[in-house]
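Taken verbatim from Swiss-Prot:
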ACT_SITE  159  active site, nucleophile
BINDING   21, 139, 140, 179, 180, 181, 182, 190, 220, 221, 222  dUMP binding site
BINDING   51, 182, 276  (6R)-5,10-methylene-5,6,7,8-tetrahydrofolate binding site
């Protein structure tokens with residue numbers, strides 16, 4: 001994960017001080033890209049311990065289309081707690097956009113704690129998988145979480161806004177565009193999450209996982225994360241672990257947490273830091 005360390009150093013050396021929505025203040029660098037070949041191993045940051053349960057369960061939650069944090073809390077994941085309302089709802093965030101993009105406004109009716117929508121919307125993930133199978137040379141395999149009509153109703157507009165899949169010579173690649181990138185807390189999770197998504201997509205469509213390409217808009221380090229970043233940069237990245245899927249899964253929506261096994265992850269101790277809300 002030297003790429004990640006190099007990105008942190010670039011921001012510290014070349015970034016500019018900026019104010020931000022949270023009032024915390026950042027050093028920001030606009031426009032950055034990192035590439036992680038999955039043939040090198042599964043890209044988990046090793047210079048601090050990551051909470052793997054949060055990464056895996058959050059992605060399964062996105063793919064389910066759910067936007068209430070109940071599932072996350074039931075599985076020991078608290079990373080969305082600060083943004084949820086008193087009922088645990090977040091509005092039409094990632095899962096809704098991935099699975100029901102442009103569904104009409106919610107009604108007053110509620111089923112199983114979830115607001116009912118007037119229209120079904122576009123299931124972008126299912127459409128993408130269908131396209132991988134029918135037109136693997138397509139350059140139109142895109143899923144967008146950024147829906148301007150829904151942004152005002154979201155608890156937090158999507159930071160990782162759009163992702164694209166490309167199949168080349170039997171290998172599947174995935175590129176993420178992230179408009180806003182919290183380099184210390186958020187980005188290590190995002191790298192792992194979308195690399196996991198690439199592995200899952202490749203598994204259910206019969207391709208070899210290729211590269212995860214991470215394109216960042218505003219890449220920033222919060223002012224109250226400086227000590228933590230400097231500590232992390234004193235540590236040396238270790239060899240990457242491997243990710244094993246323990247059973248044959250035919251649908252991406254059928255994966256379970258127990259299907260994933262990370263082998264050889266030997267990180268340095270966790271480094272705590274406050275979340276800017």
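From the backbone N, Cα and C atoms, a Cβ is placed for every residue, glycine too.
Overlay of Swiss-Prot feature records on the structure.
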residue	record	contacts (Cβ under 8 Å, 6+ apart)
21	dUMP binding site	none
51	(6R)-5,10-methylene-5,6,7,8-tetrahydrofolate binding site	none
140	dUMP binding site	131
159	active site, nucleophile	178, 179, 180, 181, 182, 186, 190
220	dUMP binding site	11, 15, 18, 20, 26, 27, 28, 29, 180, 181, 182, 183
222	dUMP binding site	22, 24, 25, 26, 182, 184, 273, 276
Using DSSP and collapsing to three states, where does residue 51 ((6R)-5,10-methylene-5,6,7,8-tetrahydrofolate binding site) fall: helix, strand or coil? coil
Out of 182, 276, which of the binding-site residues has the smallest number of neighbouring Cβ atoms within 10 Å? 276
